[in-house]
């Protein structure tokens, strides 16, 4: 037993195994092998290293966005003139990455809490029995009192007079919004590489910002945008989207290669229409455009009143996309190692062709496997005779040549 263990250890430490090569001179198999190897090589170089940048490590950024609107609007309704500034038409006013610019509205002034007839079409009636007191209707304006008034609608307890939003102003009340400007300030940090960048890059200073206006070709790095240009670049028509509202996405794209100087890491701006396409001509849609209601409360002769606005506007969502890359030896070695392993596919395919498809498959199988005679002592034999056992040893590597 001891000698067996010592022999096994000796074989393990002091012997070396190497595969046997068999050179197969077959044109078809040789061509198949080289074509597969070239395909694998093209995949490694073209896809893994050039397209997927397998030699680099990647990181995404932590970002912050700040916005500021500029511009003044003017309206004149029934001889009543009004100027609208940023505090009136931007919601919310804190300069978030997502905000709404009002472009149209329906105003209901002087509302106070009391009882008044419901709007026609909301809850019509012929008798008081049709108006269940104390109940609400989902599309109504208040709580029904149980009275059917003369205009054949139910009386409600609500903010009176109730809002009539059946007719949306056309053209939009604030078409001047097309000339408003939007300033975007964006900062990004790539923690893996310890790099921080701002969209106010090296070529942008206070003097440049005071006079520039973004243009995809002439001023691609200017962070000040005209709303009309944003809508146009997103593929929408301004008057159409301004009437009923919509949504536009502004994408700030940071795709950077830190194998070169960090000053080459600059943002690109893209604009995408999300909702409110002028091509959407289906008038039967359940909900068209983007709107919400906003109320301003005040006291008049000790009576609480409010001015209600149904706001139609363009919602802007500023989305930051980022991907930075830099050379790293670990992903490089990993990509090379996996590529070398894929080369084994050629051997597997050619083995299948040799051993199972070619007419001389029996001959090639004979050449691929080596058969040896092993003499085994028969313990039941008094003369200590031996019997022959044929064992098959697989050759693990074959070289194919045309």
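Including glycine, each Cβ sits where the backbone N, Cα and C put it.
Per TrEMBL, the features are:
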type     : residues                            : note
BINDING  : 68, 69, 70, 181, 291, 292, 293, 310 : ATP binding site
DISULFID : 116-160                             : disulfide bond
DISULFID : 125-148                             : disulfide bond
DISULFID : 131-154                             : disulfide bond
DISULFID : 212-222                             : disulfide bond
DISULFID : 256-265                             : disulfide bond
CARBOHYD : 179                                 : N-linked glycosylation site
TRANSMEM : 29-50                               : transmembrane segment
TRANSMEM : 335-358                             : transmembrane segment
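Checking each of the recorded positions 212, 222, 256, 291 against residue 154 (disulfide bond) by C-alpha distance, the shortest gap belongs to 291. With a cut-off of 8 Å between CB atoms and residues at least 6 apart in sequence, the same chain places 244, 245, 310, 311, 312, 313 near residue 291 (ATP binding site), listed in sequence order.
If you compare every pair of Cα atoms in 68, 69, 70, 181, 291, 292, 293, 310, the residues listed for ATP, the longest distance is 24 angstrom. Of all the recorded positions given, namely 69, 212, 222, the one with the smallest number of surrounding CB atoms inside 10 A is 212. Residues of the same chain lying 6 or more positions beyond the ends of the transmembrane segment (335-358) and with a Cβ under 8 Å from any Cβ of it are 24, 26, 28-29, 32-33, 36-37, 40, 43-44, 48-49, 54-55, 364-365, 368, 397-398, 400. Cα of residue 212 (disulfide bond) to Cα of residue 181 (ATP binding site): a distance of 11 Å. Other C-beta atoms found within 10 angstroms of the C-beta of residue 125 (disulfide bond) number 18, with every protein chain shown included.
The most densely surrounded of the recorded positions 179, 181, judged by C-beta neighbours within 10 angstroms, is 181.
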